[in-house]
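Down below is the structure, laid out as structure tokens.
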Amino acid sequence: MRISSLLFLTFLAGIVQAQDFLAMFKPFLGGGGGGGNPFANPQAIGGLFQQFAGGNGGGFGQLLAGAMAPKPAPAAAGPRSAPAPTNEDYNTDIDVPAPKAKARAAPTPRRAQADAPPVYRQPRTKAEKIERFRNIARTFSPFVYEVNTTPAPHFDNFIWQQNAPAVTPEPFTFAPFSFPTLATVAPPAPGPGGPTLEPFLPTTASPKLLAHNTARMIREIASFSDGGRSRDQDFGAVQTLMQAFFEAVSSGNNGGAGAAAGAGTALGDAPMLQAHRDGTELGANRALTNKLFESDMVLTVKQMKAIVLAAQEARNPHGRKKRKVITGSVYRWKSVIPFRFKGGDAKWKKLIREGLGLWEKETCVRWSENGPGKDYVIFFRGSGCYSSVGRTGGSQLISIGYGCEDKGIVAHEVGHSLGFWHEQSRPDRDDYIHLRKDWIIKGTDGNFEKRSWEEIEDMGVPYDVGSVMHYGSNAFTKDWDQITIETKDSRYQGTIGQRQKLSFIDVKQVNRLYCNSVCPVALPCMHGGYPDPNNCAVCKCPDGLGGKLCGRAAKGTDHDKCGGELTATAEWQEMVYKGKRTCNWKVKSPSGGRVRLVLTELRYQCAPACKAYIEIKHNTDFQQTGFRVCCFNKTYDVISDQSEALILSNANIVDYEVSYKLQWIQDNGKALPPPKPTSTWVPGKENRPFRGVENSGGTIEKFILQAIPKIRDSHRPLESITSIVAEYGLATLLGISHNGK
């Protein structure tokens, strides 16, 4: 007891001697509002804190009001933008460089005097101590509090506004403390500046955090792209032009079933904009809808102005035309393209190199990691999948973020950096696809605008629904069960949006733009082939064709076991395949007539954009991708436009066996015959080409069975029983039904 009293007296003495002790707690005590006696109402802990809060002149109310005051309002979209939030606001592993602050000049040290007293660290002032304690309190304060709703900051979800209305917070009130459950702060209501967007990863984040996600993308663009750092050229100016463009071309989607199903929906509706893995970059970028042009293109002010002017010229056909200002040779790289990594782990970097390797394998374009040059590309793991278009000067970016981890998506974004736009923006797209505008998200119509022939360079190649640069079927859809792009020929629906490989036309465009002078000697290549810039002695052939001049079927993974040349005759022929190989078949009619193909059976994994598939090329131009089938719901009956047709079976990327049955004949008007006995070639297993199908028996089996003596004599019971048993056993062995049919 005496020890306790002694400790208590020592504590009181320390209080008297501490000159700054009461000053440190002065902000917690009641001020002009009347203060509060901490022991006046000791019935509850919550009451104790309420008394500490005091009146309007001081207490925890004033302290927490400062700690929880609304952050600065976002800045308006315009040519200049305020810095976006720092990296700590986001779940990322990259290091986005912050804008460099102006360095302060270090004070010149004074020369020490011989008789000068030693210099010690100056003690903190009262104000510094108070501020330090406030910072600690903001971090560790356990109080439960409720926010009096005040007008939310004015923001439009993609850039901070500079002239936001001032918001004066009302005093905070406190609810009784309830241990251990802590209440959460109510998020601010969406401001009138625009709808909110759902973040890339599905969460229940507040609109303020969603605005941060988009602001982070703008910070990335400003940090990694030199093209947007000059005055009136930053991405804020681009977005101002882009939003005006979207509003000008928006159709409103006011009619049709899609409009009725989507009544009341808006661009910012959260469920509609959550990320969706559809195998394309558009699915991963849903949260950035209308913040990037056509979902994944970072344009310069010059490029965006050209698009706006072209849209105006399209509505005024008598005006002056702008030519080739946004793509093609205007933004072509000069030689080897330097690139650098910013952050990322080894697996992510390997994926980038594989995507670049797809282009290097098929073209003369080469990429140099950390190579020299003032113009270069920075790969980083950003807010989504997006890229600059063409060479824009200085450093430019390609973001391969979470959800974009596919080498086909990498190849797509690299295609943009080489100077190419989306395939469906070509002027001739209406000959191949149809837009279902009723199902397009309202306000995103501008992402489907066609370019004019004056704006683009098609490099003399036809439209290709199988291009790696083509939108998928569900681009900008308000309902994932409904497609927005429908192919005119329904058989090609499973072809668009593929990200498995570069198409022949993708490669040919790049080679014509970058490699046209590599091979000085022309070759008489067939079917649209051309000298291969990686080997000028042979032709670069369309998919499915090979040989020096593209005159025969290309070799598959096992050319000796599947693939080759087939001849169509006046009689039906049939092929049944089962395995996991890539095979290429060329079917030709020797008399110059057309070829009829019938696909009667198919076993592949069904997908919106086929990964493993049967591809049939039956048109006159073998450069274009054929129609790909992986979802079998009907028999495909095709007649070729010429005397040849190609069948490509792609199954080497799957871990299961695929199978299909194909019949062909020289087209002469004959009806498809009933199924005949066929030979099923199963690589690596026993093959019996004489076996019948469906237990009906073939010619050889029936001949063997009929050659057995049939004894049915009641006077010879032993021989009769032996004959019946032998006939039954042999029929079972040969796969023939026991009724003899």
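Any Cβ shown, glycine's included, is placed from N, Cα and C.
Per Swiss-Prot, the feature region 'Disordered' maps to 71-122. Per Swiss-Prot, the feature domain 'Peptidase M12A' maps to 324-516; the stated evidence is sequence analysis. According to Swiss-Prot, the feature disulfide bond maps to CYS364-CYS515, CYS385-CYS404, CYS519-CYS539, CYS541-CYS550, CYS562-CYS583, CYS610-CYS630. What Swiss-Prot records for HIS412, HIS416, HIS422 is Zn(2+) binding site. According to Swiss-Prot, the feature active site maps to GLU413. Residues or ranges marked as domain 'EGF-like' by Swiss-Prot: 539-550. Feature annotation from Swiss-Prot assigns domain 'CUB' to 550-648; the stated evidence is sequence analysis. Per Swiss-Prot, the feature N-linked glycosylation site maps to ASN633; the stated evidence is sequence analysis.
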Alpha-carbon spacing, CYS539 (disulfide bond) to HIS412 (Zn(2+) binding site), which is rounded to whole Å: 25
By Cα-Cα distance, the member of recorded positions HIS412, GLU413, HIS416, HIS422 nearest CYS583 (disulfide bond): HIS412
Candidates HIS412, GLU413, HIS416 (recorded positions) - the one closest to CYS541 (disulfide bond) by CA: HIS412
Local backbone state of CYS583 (disulfide bond), from DSSP in three classes: strand
Cα proximity to CYS519 (disulfide bond), best match among recorded positions CYS404, HIS422, CYS550, CYS630, ASN633: CYS550
Shell of the Zn(2+) site beyond HIS412, HIS416, HIS422, same chain only (C-beta within 8 angstroms of their C-beta centre): GLU281, GLU294, ASP296, MET297, SER387, GLU413, GLY415, PHE420, TRP421, VAL468, MET469
Between ASN633 (N-linked glycosylation site) and CYS610 (disulfide bond), the C-alpha gap once rounded to whole angstrom: 14
Close in space, distant in sequence - CYS630 (disulfide bond), Cβ under 8 Å, 6 or more apart: GLY494, LEU602, TYR604, GLN605, CYS606, ALA607, CYS610, LYS611, ALA612, TYR613, ILE614
Summary of DSSP states over the domain 'CUB' (550-648), given as helix, strand and coil counts: 0 helix, 45 strand, 54 coil
